[in-house]
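To keep things clear, I will list the structure first and then write my remarks on it.
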Amino acid sequence: MGLXKSFALFSLLVLVLGWVQPSLSGESRESSADKFKRQHMDPDSPSKSSPTYCNQMMKRQGMTKGSCKRVNTFVHEPLEDVQAICSQGQVTCKNGRNNCYKSSSTLHITECHLKGSSKYPNCDYTTTDSQKHIIIACEGNPLVPVHFDDSV
């Protein structure tokens, strides 16, 4: 009986420490909106990216830690313009949800694709500049971008 009580108390302690520990370290979880900005926004970049742009940005923005993110898109427009898409044409997201919005005009983007022969930790990307409509998921009140769904 004492063993079961000790195990229950130990389990409770582990649960509480797991819940409290992140706040003790001073770290806070990145919000979905902040993650979107980190992973997809680069408004200050020139209109034409260098061939090594994706390799540099994917590493700088933390998308090659632990594994290589296969595909990512950077948007080279002011954040306000991208946020405004959340009030434009609503469309169905790839996952079937109804919180996606399509830009009414084309935007300057850079598409990064992991090269087939590339393996972690040496993540190597192709860099493709485009002018396309983007589709983003928005949440909150007011609505803000939280996920890059597609470019068309």
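Each position is counted from 1, following the chain as shown.
Each residue, glycine too, has its Cβ placed from N, Cα and C.
Model, not experiment: these values are computed from the prediction.
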Q. So, in Swiss-Prot, which cysteine from Cys112, Cys123 is disulfide-paired with Cys68?
A. Cys123
Q: Taking Cys138 as one end of a disulfide recorded in Swiss-Prot, give the other end from among Cys54, Cys86.
A: Cys86
Q: State the three-class DSSP label for Cys68 (disulfide bond), counting H, G and I as helix, E and B as strand, and everything else as coil.
A: coil
(Q) In whole Å, how far does the CA atom of Thr73 (substrate binding site) lie from that of Cys123 (disulfide bond)? (A) 16
Q. Of all the recorded positions given, Cys68, Val71, Cys93, Cys138, which has the fewest Cβ neighbours within 10 Å once its own Cβ is left out?
A. Val71
